[in-house]
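This is the structure I have questions about; it appears just below.
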Amino acid sequence: RAALRKCRLDYGQHTNCSKATQKDSADVPIICIPHKIQQRIENVQKLKTNRSLKVYTMRAGKMLIRARRPGYNQHSSITHSKFAFPRLASQGWKHNKSIGDFFIINRLQENPMEPIVEIEGDGKERKTNVNSFRSFRMSTEVMQALSSQGIQAPTPVQIQTIPLIVKGSHVLCAAATGSGKTLCYLLPIVEQLRDEEKKGSASTQLRCPRSVIIVPSRELLDQVK
């Protein structure tokens, strides 16, 4: 009996202790996160830290200037600040050791004015221009005059500008030197003057200026002449 009482007493104490433990644990909130979600959160945090520590470098891009000495090569995507000057291959050409030095400027895109080479059925090559002055309805005399000067196809500036001037629109054209801006307005003027002479309009009979061209320098004046 004493042993039975002892077992009952131990069981009662154990039961009371377990109840107290359950009561204390019920007051503490338990948050359970699945293991996969924990891994996903850790991976996102790792990516954020890696991105913050990653150093982004600029790609060199295509070779724009290739020099005999590789240290003077220039790539297309590299830009220089306002006060930083690039190293030019021709900078030290006054020295005697620069004899035989050279550099090559590579083109980054195809020339749109270059004629397309097509191979016919008999195997012969035939060159055709994508755009020509015939699309601007130029007279045969003007076409022959252009051919005598070695001008076969219009430049991109002329393709965009001449049709607008022919329609009578006001045009403000800004382009690099040698892009053909002078012919942009000279060709429509010449064609209009020739049409007036053929039609015998009253303006051709009067002794008055039929067209006025204003240029800012004597060099451009010589080009217009």
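Glycine residues also receive a Cβ, built from the backbone N, Cα and C atoms like all the rest.
Computed from a predicted structure; not experimentally measured.
Per TrEMBL, the features are:
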type	residues	note
DOMAIN	131-159	domain 'DEAD-box RNA helicase Q'
DOMAIN	162-225	domain 'Helicase ATP-binding'
MOTIF	131-159	motif 'Q motif'
Mind checking which residues reach the motif 'Q motif' (131-159)? Cβ under 8 Å, same chain, six or more beyond either end.
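Answer is 112-113, 115, 166, 173, 175, 179-181, 183-184, 187, 190-191, 194.
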Summarise the domain 'DEAD-box RNA helicase Q' (131-159) by DSSP state, stating how many residues are helix, strand and coil.
17 helix, 0 strand, 12 coil
